[in-house]
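Annotation comment: TrEMBL describes 174-232 as domain 'CBS'. The NAD(+) binding site annotation in TrEMBL covers 269, 270, 271, 319, 320, 321. Taken from TrEMBL, the feature K(+) binding site covers 321, 323, 326.
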Ligand code: XMP
């Protein structure tokens, strides 16, 4: 093919014709990494920090997919605790999605700045529903709705469960202000911890001289903070949480509710991101919300990545059809092998806009390959599914007695139906009506806590960096990114069997 023909195709490889043959048709299982000499003595201290956007770094460069079988509040909280980030899916009503984000944002920080409150006179039945809905174990009681004046504290332990007590009011069961230990609004974490230990209490409300509520400190949050120094937090110390929006229908209303709930960034997520619809959506979001960080996708080509940079994406999500729940390639023939897509996108935009590699990761080595070929972070769906934190029930296979959970593509008939049922919003309706299924539902083995998986991924990534001869992921990327072909070994069919068949 002549150079001019290549340029007509607007292909990223036109800028680097030498790389074209090396990458075309290639994906994760096509390469191994050539081990480099290392001087490091231990892998445990190796940093795998990387950028999600120019402004937001992740201690663990992993993002959980915005899928209804992967990320709700529980997954997003766990992801942030481990240094990654979760993207709360949009296959539900605006109110529900915003409340999932709010749960994460309130869940762990040394000080909960705006703790949830209920007024005196609330029934036990209402209080129990409220704590369940918001995933909290104790609730501040204010003198009247919106007064912000502390009257007492109702913990789960104080709350009766008998039917006969459900219509009684919280006033009868709470610890009243007169018997509560409280702290001053500017109390230090150390002092708060000392007070909580001294009085053997789990929660310390912060109030001023007029009993106005200024915050709440919980012992659980202090402990969690200490255990997770690399957790992803915003400037106020709250866990970070991302959320997905679409590109039409009520996406602006959804975005407003999510940002109001505290979402740190929005993932503008449509199947074919290299589109006029994406351009209009980003313009709409910028018009209404200014510089809110936007991660936009999905694209799979250099031209698509350049387009995303031009319309102002803060990060570009790359991947068309590699996912385990995807049928896009089978149904439409559209797609680019995932490692090739990542490299094409990187050649097109370089380090100017970070790339999120989305989909197709089957083993932990794929994460490292994505990162050294161009991605800054990696989005995982199936790899994190089947865990306690992923939405959905554990089911037992009646024949084998094996425990399983459901994992499904967001355009699978099952996911689309559920989104419609929950939301019925024009956003979801449009999507459902326009797109024939390009996703499928599968059963995956139940895998316990996602923490174990994230710790394993961190450990393997640290080992990969060590094989890369460096002590930080950033250093390996800087060394390899200019020419990964010097570090990658293409595999023959026999070498693939030797490497991966066990
Ligand atoms: P993995 O391989 O990690 O992929 O399970 C997760 C990614 O798959 C994408 N996704 C879909 N792609 N049809 C598709 O073609 C779908 O229904 C679908 N649902 C999710 C998505 O990018 C996700 O992060």
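First residue shown is number 1, and so on along the chain.
Any Cβ shown, glycine's included, is placed from N, Cα and C.
Contact annotation for binding-site residues (269, 270, 320, 321, 326) versus ligand 1: 321, 326, each with CB under 6 Å from a ligand atom.
Remark: residue 269 (NAD(+) binding site) has 66, 87, 90, 244, 245, 246, 297, 298, 317 as non-local neighbours, by Cβ distance under 8 Å and separation of at least 6 in sequence.
Note: the domain 'CBS' (174-232) comprises 22 helix, 15 strand, 22 coil (DSSP; helix = H, G, I, strand = E, B). The distance from the Cα of residue 270 (NAD(+) binding site) to the Cα of residue 326 (K(+) binding site) comes to 13 Å. Around residue 320 (NAD(+) binding site), the C-beta neighbours below 8 angstroms that are at least 6 residues distant in the chain are 271, 272, 298, 299, 300, 328, 329, 334, 335, 336, 341.
Distance between Cα atoms for residue 326 (K(+) binding site) and residue 319 (NAD(+) binding site): 11 Å, as a whole number.
Residues 269, 270, 271, 319, 320, 321 make up the record's NAD(+) site, and a Cβ search at 8 Å around their centroid adds 272, 273, 297, 298, 299, 300, 317, 328, 358 from the same chain. Highlighted in sequence order, 319, 320, 322, 324, 325, 327, 328, 329, 335, 359, 360, 409, 438, 439 have their Cβ within 8 Å of the centre of the Cβ atoms of 321, 323, 326, the residues recorded for K(+), and are not part of that set. A sphere of 10 angstroms centred on the C-beta of residue 323 (K(+) binding site) encloses 26 other C-beta atoms.
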